[in-house]
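Written out below as structure tokens is the structure these notes cover.
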Amino acid sequence: MTTAILQRLSTLSVSGQHLRRLPKILEDGLPKMPGTVPETDVPQLFREPYIRAGYRPIGHEWRYYFFSLFQKHNEVVNVWTHLLAALAVLLRFWAFVETEGLPWTSAHTLPLLLYVLSSITYLTFSLLAHLLQSKSELSHYTFYFVDYVGVSVYQYGSALVHFFYASDQAWYERFWLFFLPAAAFCGWLSCTGCCYAKYRYRRPYPVMRKVCQVVPAGLAFILDISPVAHRVALCHLSGCQEQAAWYHTLQIVFFLVSAYFFSCPVPEKYFPGSCDIVGHGHQIFHAFLSICTLSQLEAILLDYKGRQEIFLHRHSPLSIYAACLSFFFLVACSGATAALLREKIKARLSKKDS
């Protein structure tokens with residue numbers, strides 16, 4: 001018996017040694033990549049306030065930037081937070097489909113499908129922007145414009161499910177006529193404001209750039225969250241027992257926390273150079289926004305399952321299809337805006353190089 005135990009302990013020890021060597025094995029298996037560089041070795045466009053090091057050098061092959069997913073640099077946490085969140089959304093939705101037997105062809109399901117699509121879209125576009133933007137100046141602008149398109153798509157996807165699944169009757173009777181058109185416009189305005197701010201202002205960025213980003217996005221959030229906020233407030237005033245309402249509450253709280261870290265460069269402002277790889281504000285923003293999305297998804301799945309009678313009483317299939325068609329119209333408008341400003345950037349960079 002003692003011999004068997006010692007053999008097992010020996011096996012565990014060997015396994016532990018292999019696990020400790022796993023990061024080194026993975027690193028050795030990847031192509032040899034350039035190391036990161038300090039801020040003085042990259043153009044001004046790529047520098048972030050109070051982030052002194054951990055930048056990837058520009059001008060390398062695309063392969064390098066894709067494989068930098070496994071390299072230690074100042075964007076890698078931003079990439080992984082949204083990559084893991086996208087996988088979590090997919091897995092949670094798939095588990096719901098397997099459990100509930102989702103009727104794919106039903107009009108009742110369409111807003112939910114578009115919401116999940118919009119969530120995956122914004123998370124994917126965001127991680128691609130942070131992963132690939134260091135390739136060149138044009139790539140930097142291009143991928144961040146794509147990121148902003150993803151944000152507008154997610155905003156409207158959220159508006160759809162809040163409107164169809166989460167709103168209570170008192171709010172619905174007052175705002176149903178103009179809510180979705182206004183949400184679509186605010187989604188496009190948010191994309192336009194972010195793209196224009198990126199195009200118009202250069203580092204070091206003035207305060208006006210943040211205003212162009214935050215104000216349209218803030219208006220979109222206030223509008224999109226209004227059906228949820230109204231329902232949550234009434235629920236808590238009456239001694240809330242709804243599980244979905246608690247998830248919606250968490251969604252709001254996590255979003256507000258993420259918005260703070262997006263707007264303010266903390267904690268790196270107080271510890272310049274100490275938060276280069278892990279711990280700077282944009283990473284915290286990504287983490288809380290990911291948790292916000294997962295809380296929102298959980299709330300919407302509960303609403304989808306538990307409020308079907310309310311949904312079917314309010315909405316005809318035709319009105320649902322019309323509302324969901326506007327989703328693709330918003331995608332087209334936001335994409336066209338981003339493409340137009342990208343062409344302007346491309347012309348400006350060409351003139352600069354000539």
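Backbone N, Cα and C define each Cβ position, glycine as well.
Keep in mind that what you see is a predicted model, and the values were worked out from it rather than measured.
Averaged across the topological domain 'Cytoplasmic' (1-75), pLDDT for the predicted model comes to 78. Positions annotated as topological domain 'Cytoplasmic' by Swiss-Prot, on the basis of sequence analysis: 1-75 (among others).
Positions annotated as transmembrane segment by Swiss-Prot: 76-96 (among others).
Distant neighbours of the topological domain 'Extracellular' (97-111): 160-161, 163-165, 304-305, 308, 311-312, 315, 317, 320-321, 323-324; these residues of the same chain sit at least 6 beyond its ends, with a Cβ under 8 Å from one of its Cβ atoms. According to Swiss-Prot, the feature topological domain 'Extracellular' maps to 97-111 (among others).
Residues or ranges marked as transmembrane segment in Swiss-Prot (evidence: sequence analysis): 112-132 (among others). For the transmembrane segment (112-132), same-chain residues at least 6 beyond its ends with a Cβ under 8 Å from one of its own Cβ atoms are 62, 65-66, 68-69, 75, 78-80, 82-83, 85-86, 89-90, 93, 102, 104, 139, 143-144, 146-147, 149-151, 153-154, 156-158, 160-161, 165, 286, 290, 293, 297, 300-301, 304, 324, 327.
Per Swiss-Prot, the feature topological domain 'Cytoplasmic' maps to 133-174 (among others).
According to Swiss-Prot, the feature transmembrane segment maps to 175-195 (among others).
For the topological domain 'Extracellular' (196-213), residue counts in helix, strand and coil come to 12 helix, 0 strand, 6 coil, using DSSP. For 196-213 (among others), the entry in Swiss-Prot reads topological domain 'Extracellular'.
Here Swiss-Prot flags 214-234 (among others) as transmembrane segment.
Feature annotation from Swiss-Prot assigns topological domain 'Cytoplasmic' to 235-243 (among others). Under 8 Å from some Cβ of the topological domain 'Cytoplasmic' (235-243) lie the Cβ atoms of residues 249, 302, all in the same chain and six or more residues away from its ends.
Annotation source Swiss-Prot lists transmembrane segment at 244-264 (among others).
The feature topological domain 'Extracellular' is assigned by Swiss-Prot to 265-283 (among others). Beyond the ends of the topological domain 'Extracellular' (265-283), by six or more residues, the same chain brings 48-54, 72-74, 76-78, 81 to within a C-beta distance below 8 angstroms of the stretch.
Residues or ranges marked as transmembrane segment in Swiss-Prot (evidence: sequence analysis): 284-304 (among others). Sequence-distant contacts of the transmembrane segment (284-304), counting only residues of its own chain at least 6 positions beyond either end whose CB sits under 8 Å from a CB of the stretch, comprise 77-78, 81-82, 84-85, 88-89, 92-93, 96, 108, 112, 115-116, 119, 123, 126, 158, 161, 165-166, 228, 243-245, 247-248, 250-251, 254-255, 257-259, 261-262.
Secondary structure of the topological domain 'Cytoplasmic' (305-319) per DSSP (helix as H, G, I; strand as E, B; remaining residues coil): 12 helix, 0 strand, 3 coil. The annotation topological domain 'Cytoplasmic' is assigned in Swiss-Prot to 305-319 (among others).
Residues annotated as transmembrane segment in Swiss-Prot, with sequence analysis given as evidence: 320-340 (among others). If you look at the transmembrane segment (320-340), the same-chain residues 6 or more away from its ends with a CB under 8 A from one of its CBs are 107-108, 110-111, 114, 118, 145-146, 148-149, 152-153, 156-157, 160, 163-164, 180-181, 184, 187-188, 191-192, 195.
Residues or ranges marked as topological domain 'Extracellular' by Swiss-Prot: 341-354 (among others). Look at the topological domain 'Extracellular' (341-354): DSSP puts its residues at 13 helix, 0 strand, 1 coil.
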Surrounding residues of the topological domain 'Cytoplasmic' (305-319) on its own chain - C-beta under 8 Å, 6+ positions past either end: 100, 107-108, 164-166, 169, 172, 176, 244
Secondary structure composition of the topological domain 'Cytoplasmic' (133-174) [DSSP: H/G/I, E/B, coil]: 39 helix, 0 strand, 3 coil
Positions whose Cβ lies under 8 angstroms from the topological domain 'Extracellular' (196-213), at least six residues beyond its ends: 44-45, 47, 49, 141, 144-145, 148, 263, 341, 344-345
